[in-house]
Amino acid sequence: MSNSPPSSSSSGKGLSIPRKLALNAINEIQNRSNDYLLSKRGGKGLEEGRKRAALAAVISTVSSVGADRLTKADFDELRDLSEQESHDKVHFMDKLTNKLLDAIPRRSDESMDELRKRLEDRHRVEQPGLSIKRISRNFKTLSSKMDLVFSLQYSIIHVISWDKPSLTLTFLILYTWGCLMPYLFLVYPVFYVLTGVLIPNYLYRHPLAKPDIIPTRARGDSSIFGFLRTENAWELDRQRILLERSRTLERILSQELELSTISSRTSTDSEDEGSSSLFYEVFTADSKSNLVFKAVLEEDEETTEKGRTGVVDKVKLLINMRDLQNLTSDIIKMMTRMQDSIYENYSFKDEKRSTKHFFNLIALILITIVLGPYIPWRAIFIITVWVLILLKHPNRQHILKQLKPATKHKLPPKHRTEVKRRASRLGELIVDDPPQYRTIQIYQIEKQDLIKPSVYELYMYSSSIFNESDTLRIQKKDPRGLPISHWCKLPAQAGNSRKRIGQWTPIRDPGASKTVSWMRWRLTESGHMTSPASIVVAVLCVRLSDTAGHQKSDRGSTMIPEPVRRKAV
């Protein structure tokens, strides 16, 4: 950002004294902001870079208001904002926005009052300030977690448009039952968790044996309600457009993956990022902030009324951007906690815990269906909401202390141990399922040295064997892969795919043979080999006899390593 404000009269010729003071104050704020940013660039001060872009919008807004309306005392106070910023709880942008609203003529406008109330809200003051880098990272993270929302959206569209008549009729039947028996609306979510989360995760951990059946061509309609399916021209055209769109998206994604195989690892959700990830975030934040604030600065040119209306719209835009940023942060935290809870409790990571949840959900469904007509649901809903709201009262701790009894009735030690022993018996489960392993092959591709033909150097780790029949090798292209095995990730179906291979610790495999040609790494969830669904990563050495064009044939793998196991940290 240049040190001159974005005004056509920045040269200073023909300006009044208050306007000159205004320009000097704005320049002073800019210089202090830039000096503060440069002094903090080496550490955590990188987060303060958001004020540079925000200051551009504020300068444009102050200029459009008219600096003649501000007094010298106001400019002195604005000059001191950057110094008081780290000591005051009120954000830098909020202070400037309040001064901006004070400079606008007093009129009975509901939008102005609403903006003031939002700025002075104590809950809003406690939230983080506006940061283009943060909001861009939130949108990127949120877009990767919206699969469930999008699948729900398309499911609703399929139900309404009769794309799947059986699904539409099932929805109508379930909705009718829910209207006749309202307590079933509590059963439906539990039933979805049971059939849509628990059972698929169990089948993934314990796959069923598929019988060898000769495949035959499907005859007739796939559903008995096929005559209800709509096959008009509009529907066929919509399906054709969706198919072309999906193919185009796959082609674009494949091209992006070819170009950004290694750089994609900088996409992370953590706040404490490395230098490469931080560079990626700053670069994307700068490009997005330029687009956003360019639209803010050009808004005056598009509006017919360049006075007070344009200023209010700009202030409202900044406030809404900050609220949207904090809203997306809360949504991401909530979705992350939900995913972690589902993975810990319902993915059969711990067989006993997930099995207990399975039986508890079945018992809850049966009890609700059988005893549902006799349960006072209205009283339960009323009391539940009242209790939840009262528990959020600021003086709840004082009230709860008064309600607690002064002396607690404690059981004797013998009775206490007996109760614990009976409770532990009720929760005992025996899981006798044999361990099952899935193999993931990672090929260690090596190059032959030109000077010493007997020496091979590591080239990369790849998911493709890169043999003579490989498409890339036929086209005389380099294989796709990663130079370091620590960057290799598990597939998404492996559960917690955030753990990389390099984060596993090796332990000896006493039962394995010493003459195998694969290096096997087994991923267990709890640190030992009792998990029924472990991951085996097989690393097979592939040696290339030519380093330039990969024209010659592969030599046989002579890599016979000691088998090791790797378990999750």
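In case you wondered, yes, glycine gets a Cβ from its N, Cα and C as well.
As annotated by Swiss-Prot, N-linked glycosylation site applies to Asn31, Asn326, Asn345, Asn467, with the evidence given as sequence analysis. The transmembrane segment annotation in Swiss-Prot covers 179-199, 357-377 and is backed by sequence analysis. Here Swiss-Prot flags 549-569 as region 'Disordered'.
In the three-state DSSP reading, Asn467 (N-linked glycosylation site) counts as coil. For Asn467 (N-linked glycosylation site), other Cβ atoms within 10 Å of its Cβ number 12.
The distance from the Cα of Asn467 (N-linked glycosylation site) to the Cα of Asn31 (N-linked glycosylation site) comes to 61 Å. Its Cβ taken as reference, Asn31 (N-linked glycosylation site) is surrounded by 12 other Cβ atoms within 10 Å in the chains shown.
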